[in-house]
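Student: Feature table excerpt (TrEMBL):
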{"type": "ACT_SITE", "residues": "His515", "note": "active site"}
{"type": "ACT_SITE", "residues": "Asp563", "note": "active site"}
{"type": "ACT_SITE", "residues": "Glu572", "note": "active site"}
{"type": "DOMAIN", "residues": "111-585", "note": "domain 'Glycoside hydrolase family 9'"}
{"type": "REGION", "residues": "1-31", "note": "region 'Disordered'"}
{"type": "TRANSMEM", "residues": "73-95", "note": "transmembrane segment"}
Amino acid sequence: MSMYGRDPWGGPLEINNADSATDDDRSRNMNDFDRASLSRRLDETQQSWLLGPGEQKKKKYVDLGCVVVSRQIFVWTVGVLLAVGFVSGLVVLIVKTVPRHHKHPPPADNYTVALHKALMFFNAQKSGKLPRHNNVSWRGNSCMNDGKSDKSGAVLKDLVGGYYDAGDTIKFHFPKAFAMTMLSWSVIEYRAKYEAAGELNHVKEIIKWGTDYFLKTFNSTADSISQLVAQVGKGDTSGGTSDPNDHTCWMRPEDIDYPRPVTECSSCSDLAAEMAAALASASIVFKDNKVYSKKLVHGAATLWKFARDQRGSYSAGGSDAATFYNSSMYWDEFVWGGAWMYYATGNQSYLYLASHPKLAKHAGAFWGGPDYGVLSWDNKLTGAQVLLTRLRLFLSPGYPYEETLKTFHNQTSIIMCSYLPYFNSFNRTRGGLIQLNHGRPQPLQYVVNAAFLATLYSDYLDAADTPGWYCGPNFYSTNELRKFAESQIDYILGKNPRKMSYVVGYGNHYPKHVHHRGASIPKNKVKYNCKGGYKWRDSKKPNPHTIIGAMVAGPDKHDGFHDVRTNYNYTEPTLAGNAGLVAALVALSGDKTTKIDKNTIFSAVPPMFPTPPPPPAPWKP
């Protein structure tokens, strides 16, 4: 008897009654079948059920589920994959075990190297209790009683901290405020370059050291003030050595024991507006620190109100300021400070004032003259014009600001033309240094400011997709501005007839007799009194300490330079000069594809053209 089961490959499958036998019996009986007597031809799979173990045929194909491949191809493929895997593992093992020679990054460019050094100058100029990692071994805490008492012993206020101005130990707040504003401006525009150079935190710490001090010089928590500290220390030498002070004495700042008077002012619009600019610009640098940024903005607003309400010049009346840092007017500070107040707050009343045609006229925007286009600690008009041209290029605020902004834009173009060697606005030395101060002493502070503005303006034009600008009928590419800036900074770094680097510590040949009290007196546990330091002042030997990064006053109009300590017109560095140098160096440094930060300065500025309101709902009867 037979029965039929379902063949899983289709068709009936005949099963003999012998299937009822045990598995062992069935296995033995399989060998007794005469396979040739099978009446129906079986396929290969069915035959394999009947073949004994020694007679099984090798499959020609391998079923992988979704595809059937030749067995030979399958074996070859698996073999190749295993071989490749083995070789790859061997290579990885060798790479990981054999010592490697790391490829060094390319060396930093000259401007980045000089930038590291130029920033160190500010560490050497710090007054008060120094931070733990100040990295200037020959400096220590100094002038820890500044402001706390006058000759009568009356307690005034805590004025410890801040920076010494130059080779002396006076704290002149007018040029110091300008220096901090310039540093902040450079950080706002070139934050990515500072970061690439590893100096962002350092420069921010330098700025904060200055702004923390400025907040001590007036009642920064009040909305209005009537007094502002203009200076700490005294430089008047008319009294001779009988009146020991910061200029008659030659002492390390750490050893000062003479009284340091505090000079206050009640009508000092130029100083107050410049300090407002310093705090306002710094508030943008520290915008991520909202509490501190807000504190800076409030202090700036208080100073601005004071500057506007109580008009006058801080250097009037024959003070020390008139001798050393005389201010020619305060109108330029109103334009400059107003621009920074606008960027810091977004309040359009500041922009309205800064771009008012009458204020521009008072500031000398339409005068011309030999010093037109020269940015300095005294006159900020050129900087303000560039700063407000930025607004026109990127935001184009239109009426009622357009008239003055367009004028500033045109004047900025003319100023940039005046820097180029094709024009005769300024002479040049035979070595190529532009004479922005017309042959007068201490030229480098003006040159570095111009180099910064030229590079910055070329980056503005690039960011605005503008390939250049016109000087009369002639078109010049933005690269011309960069070439000008590079030629001037290269001169300062040693590409000049004397092969002298005017930045101390940069290169192999630089001034060794810098006019600087702290650097010229050894730190040898001996306290030299007021006159005792004269032997170090008058010594022909190099300074015992190298004041790294200090840019000296510079050469004369014949490219000549006298490395003499007592000749400050050649060898004295200043805060304002070094701030301009830092700004120019960071602008030129690093990857040329890294450009300005186009938007950060506008963080607080509201949209120029607010989104129109939605249309009214359709009328329903």
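Quick reminder: no glycine exception, Cβ is built from N, Cα and C everywhere.
Caution: TrEMBL annotation is automatic and unverified by curators.
Can you walk me through where each of these features ends up in the structure?
Tutor: Packing around His515 (active site) is summarised by its Cβ count: 25 other Cβ atoms lie within 10 angstroms of its Cβ, all protein chains included.
A sphere of 10 angstroms centred on the C-beta of Asp563 (active site) encloses 16 other C-beta atoms.
Sequence-distant neighbours of Glu572 (active site) (same chain, 6+ residues apart, CB-CB distance under 8 A): Ala166, Gly167, Gln442, Val514, His515, His516, Val552, Ala553.
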Student: Can you tell me the mean pLDDT for the domain 'Glycoside hydrolase family 9' (111-585)?
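Tutor: Looking only at the domain 'Glycoside hydrolase family 9' (111-585), pLDDT averages out to 96.
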